[in-house]
């Protein structure tokens with residue numbers, strides 16, 4: 001087993017196998033010998049070492065991984081051997097000789113990376129970098145930016161500053177080559193550096209002709225550089241704080257989604273919420289989908305952005321943190337898009353299963369006539385739920401005496417309306433939704449609801465039950481009590497939460513705190529309290545009289561318009 005050596009290559013630390021280290025050392029020494037008489041030798045060698053370190057870093061899956069001969073040979077194959085091409089100073093001649101240069105293998109197709117082109121900057125190199133990325137002249141990008149600014153489209157200046165902050169500056173030769181879409185091998189690194197030196201020579205020759213323009217450009221660049229330094233200083237101060245926040249938020253999201261998905265989807269646990277137990281398999285409208293599919297889609301759709309947020313926080317805190325590889329990025333993006341499409345499909349499918357509503361009704365006449373008194377009470381089911389309160393569109397999962405699952409809901413409404421008939425009657429409206437009318441009707445018929453009328457007392461269940469196979473499809477029960485003129489109703493105090501209805505429902509039972517445990521008589525299609533305090537009763541009389549006067553005026557206006 002070979003020894004491992006710790007090396008510092010371009011300010012990056014690696015664990016390298018002894019044989020691999022010797023091969024790398026021979027390779028770098030050969031490169032140094034080939035550039036002995038070249039101008040810009042030190043800069044070329046520094047950029048080559050930086051590129052080699054970058055290639056090693058891309059191949060390391062963890063910080064503890066050791067660089068072996070395989071990785072060294074791959075890097076040499078990409079960079080190329082120094083003896084495969086000639087190196088001299090002919091590139092600095094006005095007409096260099098034609099020569100063949102070795103084209104190193106890259107292993108992948110070359111693609112451009114987005115950097116700020118600081119060498120050709122006017123403000124911060126954003127437009128020049130975009131021009132390099134899209135392969136056009138920087139002049140066209142700058143003209144487009146000016147047109148957008150004067151057109152007032154969006155916030156172009158803010159967008160520019162944001163791009164200034166998030167797009168890195170191309171500083172090394174490897175980054176400048178990547179910006180142009182060229183492979184960062186020895187040949188291109190040498191050529192790029194010598195082109196830079198050649199530009200310096202040309203600048204010296206033309207300094208007298210461009211002195212005025214360069215001064216103006218330098219002044220503008222210095223001004224915007226100062227603004228950039230202020231922004232960067234601000235980001236450095238608050239960046240660490242935001243990095244910690246990003247990590248905490250991302251970790252919280254990941255832990256929550258993992259617990260909910262693994263716990264509920266695969267083991268089908270119950271979750272306690274607001275005093276009720278909910279069965280994960282039957283939660284919400286997405287009841288036709290297997291819970292593990294829904295759980296996995298939610299995990300991917302929410303988890304991947306959380307992972308990206310976590311990595312962003314780590315990059316803010318740790319400057320030398322390794323970026324995600326291209327293949328990993330592609331996989332994450334494809335998975336996330338697929339999960340979003342899957343959730344969208346499930347949501348649309350669930351919506352289709354809720355489009356049609358059906359109602360089944362059952363009526364019964366009650367022996368209550370004028371001047372008779374009827375008492376209305378709600379009845380709880382002590383086996384399933386000790387509380388007695390109405391929750392709209394609510395349900396929970398219970399177990400019957402045999403241990404079978406039964407769905408329980410307290411979505412019951414009590415409505416009192418006047419009738420012109422002599423006898424009172426009660427109507428039970430059971431409703432549900434489905435993908436078709438027949439399916440919705442079948443679910444409505446499956447609702448189990450009961451009531452009892454005895455000794456002039458109407459005892460209504462404050463709940464209803466339905467089968468597990470029907471799932472939750474907005475099942476509801478409305479109890480409509482029709483009272484004739486002169487009949488008296490005494491609502492028990494436990495009915496209050498069940499008759500909180502809007503005026504559009506036609507409910508004449510007031511939704512006030514003094515309604516329950518008082519006697520109310522039907523007078524002119526309204527309820528008049530018989531034993532309320534006189535002040536409250538008087539207010540109610542005046543309100544009823546005002547409504548009656550308004551209706552009379554509207555009737556007279558309608559008659560006049562007809563005539």
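Backbone N, Cα and C atoms are what each Cβ position is placed from, and that goes for glycine too.
Heads up, TrEMBL stuff is auto-annotated, nobody curated it.
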- Checking 42-62, 63-83, 84-104, 147-167 against TrEMBL, the stretch recorded as transmembrane segment is 147-167
- Item | Leading stretch by Cβ pairs under 8 Å, where the reference is the transmembrane segment (122-141) and the options are 147-167, 289-318, 330-347 | 147-167
- Query: If you run through the region 'Disordered' (494-514) with DSSP, how many residues end up as helix, strand and coil?
  - Reply: 8 helix, 0 strand, 13 coil
- Item | Non-local residues, at least 6 beyond the ends, that sit with Cβ under 8 Å of the region 'Disordered' (494-514) | 376-378, 388-390, 412-418, 460, 462, 520, 522, 525-527, 529, 532-533, 536, 540
- Message: Can you tell me which parts of the same chain pack against the transmembrane segment (330-347), counting only residues 6+ beyond its ends and a CB-CB cutoff under 8 A?
- Response: 286, 289, 293-294, 296-298, 300-301, 304-305, 307-308, 324
